[in-house]
Amino acid sequence: MGAELVFCVRLLDKTFGAQGYSNIALDRALRDSDLNPQQKSRVSALYYGVIERLPELDYVLSRYSKKPPEKLDPTVRNLLRCGVYQLAHMRIPDNAAVNECVNACKKLRYTSASGFVNAVLRGFVRDGKQIPVPKDPALRRQVQYCAPDWLIKQLSSEYGESVMDALLTDALGRPPVTLRRNPLAGDASAFLRAMGEISVEKHPLLPDCYRVQGGDVTRTDAFAQGMFHVQDLASQLCCLALDPQLGDTVLDLCAAPGGKSFTLAELMEDRGQLYAFDLHTNRVKLIAQGAQRLHLQCVHARTGDASLHNPELPQADRVLCDVPCSGLGVIRRKPEIKYKDPAAFTGLPPVQAKILENAAHYVKPGGYLVYSTCTLSRAENDGVVDGFLQQHPEFEGVSFLETLGEPFGNWKVTLHPGCLGSDGFFMAKLKRAR
């Protein structure tokens, strides 16, 4: 584990220094590395584990280090976090875990810190590797849920204590990998054969949704032949809710990296026109590349600002408005979201409302619009949609019952990760009545 440990510490240094998304940083680092698949798997487990459990790990460090965690050198702090996580949550012998961290000091050019690292980790081992329970109630909850105080209070206020407990508990641990099978690229039996040694399980809720049991799906013949794309269950439900028909004109205004556009195109049997937009050219390229791999001809990837009206766009039968959000529903995929300054989220609802307002201009009379986010913030979800309807009597909420069935009887749905195993997600379906 020595090479993986050093790799992980360096990656954590970069992640916390750049304030980027952990999943993007990890994917890029692993892609450019010479680690084998087993090593990559161990790096992923350690890397995400440390980020998920920062409050817990730093509390342990505060009990065994004379210096508070925030005063430690960042690299030494990340090495100790890795060490405590390995001891508390991974099946690595105590001596091996401690020795690897001490040896890593030399490889990281922090030889002078080796004695300190050894003392902190040995102290934790000596006390039975038990996570201390803070006396302060607020700190105790932060350590228990591995979440900051503001997030605990917000979720508790908006959903109640029991739901908050479930949401933050479900946010710990790795999320499932879910695929959307491309029905235009062969039948289910051909798909399963092309997956090779990768084991997948059909989801009981959706006909073309599969859960991956393990392995790198991008190395399969099925991936090369465009027989699937990776997409969470919630996003697949969102596309089914929009319910595009053959020959429709569809706009996906915040489309990158393209998963929803691909599913919508497949539901249309690649007949019609689907315009997929993103603000950034490099992300538009991802959409175009994905559509090409899946052999989807009706997807037109374009650069565009979803908040600004484009008079050249056609009136659409269906519009998807999957807006940028705080991401509180995908914490298990991007655990660093928990540690952002909540003040950074306060400016999101006005931006989301502006995008929704613009999206409404493109909807034909009798057409449909779905507003969606991957957050659990009521201000970004119900607040934006309810405010829009107050200003637009020509739109009305439409039940999901016809397209999704039970238990989706309302026109607004908030999915909790613990219910269906999906990401946390919100969607609302609106119809332009006139």
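Just so you know, the numbers here start at 1 and follow the chain as drawn.
From the backbone N, Cα and C atoms, a Cβ is placed for every residue, glycine too.
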Same S-adenosyl-L-methionine site per TrEMBL - residue from ASP243, ASP305, ASP341 joining CYS254, ALA255, ALA256, PRO257, GLY258, GLY259, LYS260, ASP278, ASP322: ASP305
Cα-Cα distance linking CYS374 (active site, nucleophile) and LYS260 (S-adenosyl-L-methionine binding site), given in Å to the nearest integer: 13
Nearest-integer angstrom distance between the alpha carbons (Cα) of CYS254 (S-adenosyl-L-methionine binding site) and CYS374 (active site, nucleophile): 13
Same-chain residues at least 6 apart in sequence whose Cβ lies under 8 Å from GLY258 (S-adenosyl-L-methionine binding site): HIS229, ALA276, LEU286, ILE287, GLY290, ALA291, VAL299, ALA301
Candidates ASP305, CYS374: member of the recorded positions with the richest Cβ shell (10 Å): CYS374
